[in-house]
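This report concerns only the one structure given below.
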Amino acid sequence: MNKHASQPRAIYYVVALQIWEYFSFYGMRALLILYLTNQLKYNDTHAYELFSAYCSLVYVTPILGGFLADKVLGNRMAVMLGALLMAIGHVVLGASEIHPSFLYLSLAIIVCGYGLFKSNVSCLLGELYEPTDPRRDGGFSLMYAAGNVGSIIAPIACGYAQEEYSWAMGFGLAAVGMIAGLVIFLCGNRHFTHTRGVNKKVLRATNFLLPNWGWLLVLLVATPALITVLFWKEWSVYALIVATIIGLGVLAKIYRKAENQKQRKELGLIVTLTFFSMLFWAFAQQGGSSISLYIDRFVNRDMFGYTVPTAMFQSINAFAVMLCGVFLAWVVKESVAGNRTVRIWGKFALGLGLMSAGFCILTLSARWSAMYGHSSLPLMVLGLAVMGFAELFIDPVAMSQITRIEIPGVTGVLTGIYMLLSGAIANYLAGVIADQTSQASFDASGAINYSINAYIEVFDQITWGALACVGLVLMIWLYQALKFRNRALALES
C-alpha cells in the first residue's frame, strides 16, 4: 500500500482549526464597524481610524509571532496560544458595552492571538510532510478551501445572532467558534507529537529571573498592554512608518545579495507587484468599513419579508472567491506559451479592472440611492461579487512569483514584506479613503443625516483610481509584450 495514498490524520485537525479561526475572525470583522457606529455611537471618522488601525496591526504581528515560534514556542504551542487569545479577546469584546476600555483591550488581545496563530498554522501544516512528499500541495489547498468555508458562514451566523439577540451574542458566537476549533485541535494532539515543541533550552537560559513559563506569561500580559497604546492613531502611524522603513531596508539588503541581473529583475518585479497589490487592497478593504456602513444606511435589505442583516453581506465576497476560484482551477487552463511576466501583468490588469468595475456598480447603486432613497439589493450583491472575483488575479499571482524567486533564503522575508505593504499599509490607506465618506449633518430634532453624495464621490474616485492603475499596468504589459516579441523575432532571424 502506498504510504502517500491519503493525507496524514493530523491535517484534518489543522483544517478544523482553520475553519473555526476564519469563522471567528471574519464573524467579528463583519460586526466591528457596525458595532462602533450603531452601538457605541462612535462618529464615522473615529470608527474608521480604529478599524483601520486594528486591521493594520493584524498584518504586522504575524512577523513577530513567527519569530517567537521559531525561537521559543514552536508552531504547535504558538497556534494553540494564539487560538486561546483570540477566543478570550472576543469574549472581552462582548463586554465592551460595560466600559470602553474593554474595547481596546479586546482588540489588542485578538491582534496578539492572530499574530501567534496566522504565521504559524501554515508552518505547522508543513511539518506534517517530508520535503518531497507529493501530498504537500494538496494539503495546503485543502486548508485554504476550508478557511473560505469559515469566512462564508461566519458573517451569516454572527450577523444573525447579533440581529436577533444582541451584540454580545454575535461576538460570543465568534468566541465559541474559536474555542470549538481549539478543542477539536487538542483532541488530535497525539498526532502532532513529532512536530517541534517549546524550546526549553532557550527558556532555561532566562531562568535566573523568572521560572520558565513566567517569561511567557509576562509576554502574554505585556504585549496586549503595549499594543493597546498603538490603537491611538498617532502611535499606529508611527509603528507603520517604522515597520515600512525596516522593510525597505531589508529589500535593499536582498537587492545587494542578488548574484546576477536576472535575480535583480525578479526582485524588481516583486516590488512592483507589491506596490499595485497595496493599492488594490486599499480599495478592496472598503468592504469592511465604508461599504458596510453604506449598505446599512442606504441599501434596501428587505428580501421575501426578511431584513437581511448588514453583516451578512460580508459573505458575498468570500463566496465569490470560492466559486470563481473553483471555476478558474477546473475550467481555465494556464497557457505555457508566451512570456510569464507578460501573463502576470495581464492578470493584474484584469484584477484591477474588475475592481474598477465593482466600484462602478457601487457608484451606480449610490446614485440610485440618491434618487430613490434606497438602492436595490441585487445591484449591491453584483458589485461585491465582482470585487471578490478580482481578488483571484492579485494575491495568488503575486505570491506565486515570490515563491519562484531564485535568491536563496529570502522567500519568507519577502512574504512578510508583501503582507506588511498589501495588508498593514493598505488597511491604513483604506481607513484614510473611507474617512472621506464621513460627512453628516444634524436636523432640527438632532438626528444624524448621512450624506449619500459623499459615498457617490468616494466610490466614483476609487473607480477612476483603479482604472488609472489598469492603465499603468497595461503600459508595463505592453512594454513586456513588445520586448518578448522583439526577442523572439531576433532569435528567428
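Indices start at 1 and increase along the chain as displayed.
Just so it is clear, glycine is given a Cβ too, placed from its N, Cα and C backbone atoms.
Different topological domain names are assigned in Swiss-Prot to Thr37 and Asn189, which places them on opposite sides of the membrane.
The transmembrane segment (14-34) shares more Cβ pairs under 8 Å with 78-98 than with any other stretch in the list 49-69, 78-98, 235-255, 344-364, 413-433. The residues of the topological domain 'Periplasmic' (159-166), classed with DSSP into helix (H, G, I), strand (E, B) and coil, number 6 helix, 0 strand, 2 coil. Below 8 A, the CB atoms of the transmembrane segment (344-364) and the transmembrane segment (235-255) form no more than two pairs separated by six or more positions in the chain, fewer than 3 in all.
In this chain, the transmembrane segment (267-287) does not touch the transmembrane segment (138-158); fewer than three CB pairs sit within less than 8 A of each other, excluding pairs fewer than 6 residues apart. Counting residues 6+ beyond its ends, the transmembrane segment (78-98) has Cβ neighbours under 8 Å at 17, 21, 24-25, 28, 39-40, 65, 68-69, 105-110, 112-118, 120-121, 124, 167-169, 171-172, 174-175, 178-179, 181-182, 185-186, 220 in the same chain. Assigned with DSSP, the residues of the topological domain 'Periplasmic' (288-311) fall into helix, strand and coil as follows: 12 helix, 5 strand, 7 coil.
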